[in-house]
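Inspection log for the structure reproduced underneath, given as C-alpha cells.
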Amino acid sequence: MPQASTFGSHSLEAHPLHIQPAVHIKLSKEERSHYREQYDSLKYISNYVSVFDQALSDNIDSRIRKENEALLKKYYESRKPFTFTSFRQGSVISSSDSSTGFTERTKTYCFLNDFVSNCVNEVDPYTLKMTVRNRNTALNMENLDDERKSKDDIYDFEDNTDDECNAKCHGAFHYSSERLEILRSRSTISYFKYYKKLLTVDLRDSDVLKRHNLWMPMITRRFRFLLVSSSKPEDVRLTTPIPTFSESDLDIFKNKTCPLFINGTDCVPRSYDTFSGSSVIASIFSEYKLPSLSYHCSVELNDQLFIVGGLMACHRYDEEAPDLKDFYVDGIKNLPPPLIPELINNPSMIPNPHLYCFSLTSSRLTRPDISGYIPPPLVCTQGCKLTERHIFLYGGFEIKSETQVDDKGRYFIRKRAFLNNTGYILDTVTFNFSKIELVAPPYQFAIYNNFSPRFGHMQASISNSNNNVSNENTTTSAKGRRSISPYRQGNGDHKIDDLVGSPGSTDYLEDDAIPPVTNPRSTDSLSSKHCSTATHICSSVNTILIFGGYSQTGDDKYEAMNDMWKINIPVVSRGKRNYYKFADTVTATKIPIIDDPELWPSRRAFSACCVPDYFTKDVEPIETRLLRNLKNDFSIDLEIRPGNKPSQPLFPNIPHSRKEKKSGRDSMHISNSNNSTSEDTSSKSTRNTTSSPPTSPKHTPPLNPSKKCASIGRTIAFHGGSDGYDVCSDMWWFDFDSETWTKIDLYAKTQEESDGLVPINLCMVGHSMTTVGHKVVLIGGLRQGDVDRIYRDETLPEEVISGVPLGSGVINVVDLNTQCLQGCKLIRNDGDTKESVIMDPHVGTPHQVLAVAGTIELVKGTMTLIGGVVAGREDISSLYLRGAVLQFILPSMNLAN
C-alpha cells in the first residue's frame, strides 16, 4: 500500500488560526540600523532518528524547509506589539486557565504545535508491517542497488504533482548506507522481535505503535572524529581537520552516523567523556522526537525528569532548517553570561510551551497535557522539589516579540525580556499548574526589603527532616540533631572538615525543645484552621532557598544580587496520595546579609549549586564498614565439642599460627578485642588517608581530624557564577541550621611534589555541580577566557603555552577531602603559577569543548544531560545543538580512583 505523506500536510491557507498577511510598512535607515541580519539556523552535533523513519529524497527535504520557513513567518506575524510599561512594573503571570477560551496563548500553541508536528513520526501501520517483514531481506542483501530497486516498488509518495519531484522521488528515494547498517545491526534484532508482537493488535489503533517508537542517537558525520572506540583508543583533538562532504543528497541519514550501532555503546564522543568509558548516548522510546532545548529547566522527581520552558529549535534536522535571510532581529541587549546572544536572539529558536517527562528507568519520553495556571514559556527559570508529588518553579524571563514587515517581505523582529516574579507549583500526578505570589514582609530598617524578580539565581530545597510526624496519640521522643558549624573568622582558609564538629560533642536538642506532634485522624483534607498550626509538621514539604541572580533595573539593564530568601509555602489542606493544596500568597523571609566578603558571597548569578550527600554518610573506607558489619552480625563458635579432635594448623612453622586450643569464651573475648583494636587502627588510618597530601607549610590548609555526620540535606554548596563579565572562582557552603556561610578554597598539585598543594582560581559560570561520594563534579560552563572572547570580542593570545587552560575539560572533579582538583597538575614557570595545567596520563587528554545552556540531573549514580549547545574553543562562535540525551555513569573507575 502506498505510504501516506507524513510531511507537507499543513495547509497554511486552511489553517484554523490563519493570520491575515501583515500590513507592509517602511522603515528608515536609522530604524533599520537597530536590526541585525545574517542569522543562521544552528546545526546539530547529536540528534535522534527513528528506526522506522523513511529515507527522504532531497525534494521532500526542500519542501519541509520551505514549510518551516513559512510557519516561522506566520508565527512572528502573530506577535502583537507590546508596551514596556504594562510589563516592567509588575510580574509576568499567566492569566490562562483550563476554562479560558480562544486566547493569545491558544494561537501561540497552535503555531508551535505545527513545528512540533514535524517532530512526530507518524508511522503508517501497513508500511510498518512491511518494513518489519522485509527486514530479513535487507539483512541478506549484498547489493545496494537491488535494495534500492525493491524499495522503489514498495514505496511511493502521494500528493506530489510536480513531475520533476516525481522523477526525483522515483530515482532518488532509497535507503542510505547508514540506514542499511542500522537494519543489519544485531543490536536491533531484539527490538524488531519485540515490535512484531505489537503488530498482532488492531492496526487501526496506530497510537499503540507510536508509543513504542524507538529513537536512536546519532552523531553528524562532520564530528565523526569525536567517536573513539574503547578497543582502539586514539588521541584526537577538536583541532583535527574536519572532513568536508558534498550536500548533493539531503537524506537525513546521509551525513550522519549512529554510535550505538557502529562499535556498541562503548563508542562515545570523548569530547563529552573526559573519563573515557563512563558515558552513554541513550536511546529513547517516544511518540515524539525530543526537541533540542536550551536554557530550560529540568527537575528530577521519583526517577523522572520534568522538563519545562527554554528555547527549542524549529527544525528537526539540519536538512530541514529554514532560511533566515528574510529575518532581521533587534535582539535583547547586554545579556550576561552564559546567555549567548547568537542563541537567545536567533529567530529559529522559539519558546518551548510544552512539558516533557523523561523516565530514567524505562528511557521513555512523554508529553502530557497540562492544565491550570500554565506559566508562559520561561527562559532560565529554576525548579526544585517541593514534596514527593509537587515541583516548585520560580524566576526566569519571558521573551516577547513584535514583528513588522516591509514591502520587500523582510521581517523586522524586536525581542525584549520580561522577568517573572510568580511562583508556580506543578502537580506531577494531574499535571496541573497553580500559581503563588511571593511577597516580602515589611522591615522597618531594611534597605532592600523588596523581593525582586530575578533569573539565573540559586534555588534549592531543604528537607525538613526534624519535623517528623508520629503515630496517633503518640508524642515524639526522638532527639532532633542538627549540625552547627562553629563561628569562624572568615579568612577563607577552611577545610571541609571544619564544617562539622567533633564526634565527642553532643549537639543535641533537649526533649522539651520539640513540641509533641500528633497525626490527624483522617488522611483526607484538613481544615485551614488545623493546617495553619500544622504548616511545618506536614513533613514532606521542603523549605525553598533562593540566592542572588539578576534583577532588571531598566530596559535591557541587569544587576547582580547577593540577597538570600527562605520560603516556607503554607499548606491549606492535604489529602491522599501526597495531595496538598497550597496558599495563593507566600511571605518570603530574608536572611540578613553580613557585609563581609569573607563571611558572605559577593553579588553573582548563574552559579552551580547542589545539596551534597558528603555529610549524610560516613566517609570511611568500605573495608571498615564490612568488618564492622561482620562483627555485629556474625560470630564464630570455636568451642570444641566432645568426641571431636582439635583442629590442627595448616602451616605450623609460621610464627603466628595457632599452637594451642582456647575456650570459646576466651576466643570470643580475644576476637572482640582484636576486632576493636583493628577497628581503631582502621579509624586512625582513615583519618590519615583523608588528610591532605604532603604540602608546603605556606600552602597547607588547616586540617581538622575530627568528623561527624550532619543532618541529611541541610547543607548547600555552590561554586562560581559571574557579576556581569567578571567570573567568580570561589566555593561556598551554606549551613541551613546556623544560617552561616563558609568559604572553601580550592587547590591543585604541581609538577614538583615538593611544592605541595597551591591555591587555584577555577573561574566558571553557567556550569552544573553535583557530588558523588566525596567528589565534587563540575560539568560544562564558561571560563573567564570564554567570556572575554564571546562578550568582549577578545582574541586568543598568540603565545603558545604548554598544557591546557584551567577548567577547559567538560568534567572537572574536586576531592572534598583535600579540596584538590583531580586529574591535572599546574604548570609553574619561574615561581609563578599560571592558569594552565597538564593532564595525568591515566586520565587522558581533555578536548577543548565548551558546553553550556543544558541541564544535568544525578539519579542513582547516572548523570543525565539534556539539551544545551556545544562549541570548540578554537572556534567558539560556531555553536551546535545537542539533540540527544547524554548519560554519565558515575563513579567511573578513573573518577573513583
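Positions of Cβ are set from backbone N, Cα and C atoms, glycine also.
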So one of T161, T239, T474, T740 should carry the feature phosphothreonine according to Swiss-Prot; which one?
T161
Looking at phosphoserine as annotated by Swiss-Prot, pick the matching residue from S86, S91, S483, S551.
S91
Mind checking how the repeat 'Kelch 4' (715-761) divides into helix, strand and coil residues in DSSP?
3 helix, 26 strand, 18 coil
For the repeat 'Kelch 3' (543-589), how many residues does DSSP put in helix, in strand and in coil?
0 helix, 35 strand, 12 coil
Kindly state the mean pLDDT of the repeat 'Kelch 4' (715-761) in the predicted structure.
89
